[in-house]
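> What Swiss-Prot lists as signal peptide is 1-22, and the listing cites sequence analysis. The disulfide bond annotation in Swiss-Prot covers Cys51-Cys66, Cys58-Cys69, Cys65-Cys74.
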Amino acid sequence: MKLTCMMIVAVLFLTAWTFATADDSSNGLENLFLKAHHEMNPEASKLNERCLDAGEICDFFFPTCCGYCILLFCA
């Protein structure tokens, strides 16, 4: 029991030490959201794409149907 507790404490200590001494050249999470916001391209969002209705011609390799692409037609 004592050995188990000592092992748990040692693992927790080493984990904390690893995170505390890790080299972080990007200033941590400080600018993470600002950077992600500026790199985001809203025009490339999949939510802006219109899906094809049933009966319209679709591409087999890159289907954009609302349902399934079967034999080059949306189902």
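Counting begins at 1 with the first residue displayed.
The backbone N, Cα and C atoms fix where each Cβ goes, and this holds for glycine too.
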> Counting other CB atoms within 10 A of each CB, which of the disulfide-bonded residues Cys51, Cys65, Cys69, Cys74 comes out lowest?
Cys51
> List the same-chain residues at least 6 positions away in sequence whose Cβ sits under 8 Å from the Cβ of Cys66 (disulfide bond), in sequence order, or say none.
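For Cys66 (disulfide bond), the qualifying residues are Cys51, Leu52, Asp53, Ala54, Cys74.
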> Please classify the secondary structure at Cys51 (disulfide bond) using three-state DSSP.
coil
> Within 10 angstroms of the C-beta of Cys58 (disulfide bond), what count of other C-beta atoms is obtained when all protein chains are considered?
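Result for Cys58 (disulfide bond): 21 neighbouring Cβ atoms inside 10 Å.
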